[in-house]
Amino acid sequence: MAAILRLNYTSVSEFILIGFSTFPHLQLMFFLLVLLMYLFTLLGNLLIMATVWRDRSLHTPMYLFLCALSISEVLYTFAIIPRMLADLLSTNRSISFMACASQMFFSFTPGFTHSFLLTVMGYDRYVAICHPLRYNVLMSPRGCACLVAWSWAGGLVVGLVVTSSIFQLTFCGSNEIHYFGCHVPPLLKLACGNVSTVAMGVGLVCITALLGCGVLILLSYAFIVAAILRIPSAEGRHKAFSTCASHLTVVVVHYGFASVIYLKPKGPQSLEGDTLMGITYTVLTPFLSPIIFSLRNKELKIAMKKTFFSNFYPSSI
């Protein structure tokens, strides 16, 4: 990876993350809150993966994609949150050049894989509702595995393009990153020379990927809604929509917070505001995802009770 990034240690060998410096009296509270949410995120996603793995009735495309989504969330949060927790308790918030590049790559890759997987899940719901008789053909095990593989390949490409573009720049002068992690905008501010071309290219890649996934999901749900409205019975319409509810809720949460981070208008931004928005997207969104899928998916909820809590709730199974 070092050869790809062409790292330059002669100007800046390390960065200092100062995102939490504006909250000196709230750092312990932030630490406890982020730690609890992170542990719950890990537990929720591991429960989902273990439930799908052990319950053969859940060995379907929808739950295969949900497992892949949980893996991407675990990897994404692991790339950022442990370092964030360490910085909240430490006065030394320096991060080496290579560690900063690695953090960006290992957060962008699963982060964009997450978006691609949400798109694939939208397509899965589209096929299930609009083409139910062809579902087993269109969503064969091999086809589903290919969709998951292409999602990870897409995330890997975006991660490599963004990281290599940023870290081929020369950094000089100040090495203070006005954020709690190695994010693109604060790093561009530290680069020497004219970085507008790189900034425009990186922005175009990120926004195109996010908007492209968003448009495909909207198209899927446009066809889904049209198909549901043609169902004659209210019970049938409710049953069809209930299979999409958890996915649609996660999409709204994910793209709602992502739009705040990536599509906000340019202008003077406060360090406090950027840090709080970043924490919301990095910590809260992965925290909510397993809750939404567990609570709004009756089949998964029953499988979890049967797999892990049957001794506590024997009468509910």
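Just so it is clear, glycine is given a Cβ too, placed from its N, Cα and C backbone atoms.
Marked as domain 'G-protein coupled receptors family 1 profile' by TrEMBL: 44-293. Per TrEMBL, the feature transmembrane segment maps to 28-50, 62-81, 101-123, 144-167, 198-229, 241-263, 275-295.
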Positions whose Cβ lies under 8 angstroms from the transmembrane segment (198-229), at least six residues beyond its ends | 112, 115-116, 118-119, 122-123, 125-126, 129-130, 154, 158, 161-162, 165-166, 169, 184, 188, 191, 237, 240-241, 244, 248, 251, 255, 258-259, 262-263
Go through 62-81, 101-123, 241-263, 275-295 and flag the stretch with the largest number of C-beta pairs under 8 Å relative to the transmembrane segment (28-50).
-> 275-295
In the same chain, who gets a Cβ under 8 Å from the transmembrane segment (275-295) while lying at least 6 residues past its ends?
-> 19-20, 22-23, 30, 34, 37-38, 40-41, 44-45, 47-48, 66, 69-70, 73, 76-77, 80-81, 84, 179-181, 183, 246, 249-250, 253-254, 257-258, 260-261, 301, 304
Can you give the mean pLDDT for the domain 'G-protein coupled receptors family 1 profile' (44-293), rounded to a whole number?
-> 88
